[in-house]
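Colleague: Mind looking over this structure? Questions follow.
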Amino acid sequence: MSLPRHQDPIVAIATAPGRGAVGIVRVSGKSIGSLMQALLGRQLRAREATYLPFLDRSQLAIDQGIALYFPAPHSFTGEDVLELQAHGGPVVLQLLLARCLEAGAELDPVSQMPRLVGLRPALPGEFSERAFLNDKIDLAQAEAIADLIDASTEAAARSASRSLSGAFSQEIHILREALIHLRMLVEATLDFPEEEIDFLRQADARGQLSDLQQSLQSVLQKASQGALLREGITVVIAGQPNVGKSSLLNALAGAELAIVTPIAGTTRDKVQQTIQIEGVPVHVIDTAGLRDSDDVIEKIGIARTWDVIEAADAVLFLHDLTRKNATDYIAADAVIAEAIAGKLSASVPVIEIWNKADVIDRPCQQAGLQLSAKTGAGLDTLRRKLLELVGWQSKPEGVYMARERHVQALHRTAAHLMTAGFHLEAKAQALDLLAEELRLAQNALGEITGDFSSDDLLGVIFSRFCIGK
């Protein structure tokens, strides 16, 4: 799994671009003592913060700050790591980065060899990749680092921190250990068919498989909740012109984002805003009103409306209570409803909403949720309904931050275990097929933590990190 580039020493600015009080330049590699001497004029004691000048080639100070040295293997990457904490100006940090690269290429006065052969700028995520390759963290923990940085809600940050601490990985490890034990029983039965010992019956293989499936479902439920916290849901507001779609977006967002006028066709293109409901990011999209139109620009907007509807996790089909008895309005709504149903899979919920409840004198018996985007009446009910339909349990305390690939791997594991159960229950047990399904289930779990991963998968994952992590 290790590539030639993984042997190179690397350096990068580890703090976000822009001005700040403190900026960090991080170096990782093997035997960085000579580089330390060139940059700092001395060797550092391990894991001890030292305040001193950072020197250029002429031994003049570029800046003064704190230096920290973490010798291998007791560092984030598992290699020797040097961190320079300087003032956070972009020019200062670029000078320090350039000085590190320059010093790495300089000849050591004693050995007459470059101080740090091959020192180069780090690729995005390369420090975390080194930590993974050197068994300091597993793949799920590495991804949790990026998720913690990108967290947009408190619930997302806490669940990412939980995954980074190893809680999610520990659950996967327990599942894999149970799978390995079950595989051992099946392999023993296959390898010693002449023995008069029924390994599977004696060890209650059926019971073990059932327990494993139940544990897997518990982990899958928590991971699915974590995926909601990370990915959020995309909700599209759709309906005829002038039913209050833009007003509903503004009401949900608590801000005047979309233009609202009595003129039909005001919204020509989608308007998107991300809001939070119980810590879940909800990406709400206001769209052009659906109708037949001869206006070229409006027709483009309507086409885009159908595009976003097809990609939605949920659709809010908005109606106008004040026109509920108008024949032409009802007919147009029926056409739209049929078209929406044809665009979506059965798993995508469509919430029927009747707006302008504030205009109606008395309660209406119309089916669906009634609200007023103008007064806010009914919005809390809509928020709860949305989370309920996408499966949110409102208990983020035990949730792990998970990605869609984690959830899919868990689903594949469940499918393999189900097939394994069929083979186990069959009158003529196909033990070789049972063993294969258990092996595939174990591999699927291994993809989550990196125990079973291709180099291509690793490349995609770490390339999405920021530089310096």
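Just so you know, glycine gets a Cβ as well, placed from its N, Cα and C.
A quick note: this is a predicted structure, and the numbers were derived from the prediction, not measured.
When I checked Swiss-Prot for this same protein, it listed these features:
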- Arg26, Glu83, Lys136, Lys469: (6S)-5-formyl-5,6,7,8-tetrahydrofolate binding site (BINDING)
- 232-391: domain 'TrmE-type G' (DOMAIN)
- 242-247, 261-267, 286-289, 355-358: GTP binding site (BINDING)
- Asn242, Thr261, Ile263, Thr266: K(+) binding site (BINDING)
- Ser246, Thr267: Mg(2+) binding site (BINDING)
Colleague: In the predicted model, what is the mean pLDDT computed over the domain 'TrmE-type G' (232-391)?
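Modeller: PLDDT averaged over the stretch: 84.
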Colleague: Just to verify a number: CA distance, Lys136 ((6S)-5-formyl-5,6,7,8-tetrahydrofolate binding site) to Ser246 (Mg(2+) binding site), in angstrom, no decimals.
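Modeller: The Cα atom of Lys136 ((6S)-5-formyl-5,6,7,8-tetrahydrofolate binding site) is 49 Å away from the Cα atom of Ser246 (Mg(2+) binding site).
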Colleague: With H, G and I counted as helix, E and B as strand and the rest as coil, say where DSSP puts Ser246 (Mg(2+) binding site).
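Modeller: Once the DSSP labels are grouped into three classes, Ser246 (Mg(2+) binding site) ends up as helix.
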Colleague: Name, in the order they occur in the sequence, the residues of the same chain whose CB lies under 8 A from the CB of Lys356 (GTP binding site) and which sit 6 or more residues away.
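Modeller: Residues satisfying the criterion: Gly244, Asp320, Leu321, Thr322, Ser372, Ala373, Lys374.
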Colleague: Report the same-chain neighbours of Arg26 ((6S)-5-formyl-5,6,7,8-tetrahydrofolate binding site): residues 6+ apart in sequence with Cβ closer than 8 Å to its Cβ, ordered by sequence.
Modeller: Val11, Ala12, Ile13, Ala14, Val81, Leu82, Glu83, Leu84, Ala122, Phe127, Gly468
Colleague: Most Cβ neighbours within 10 Å: which of the binding-site residues Asn242, Ser246 is it?
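Modeller: For the binding-site residues Asn242, Ser246, the Cβ with the most other Cβ atoms within 10 Å is Ser246.
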Colleague: Which residue, out of the binding-site residues Lys136, Lys245, shows the minimum number of other Cβ atoms inside 10 Å of its Cβ in this structure?
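Modeller: Among the binding-site residues Lys136, Lys245, the sparsest Cβ neighbourhood within 10 Å belongs to Lys136.
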Colleague: Whole-number Å only: compute the distance from the Cα of Ser246 (Mg(2+) binding site) to the Cα of Ala288 (GTP binding site).
Modeller: 9
Colleague: Note down the number of other Cβ atoms within 10 Å of the Cβ of Ala288 (GTP binding site), including every protein chain shown.
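Modeller: Summing over all protein chains shown, Ala288 (GTP binding site) has 26 other Cβ atoms within 10 Å.
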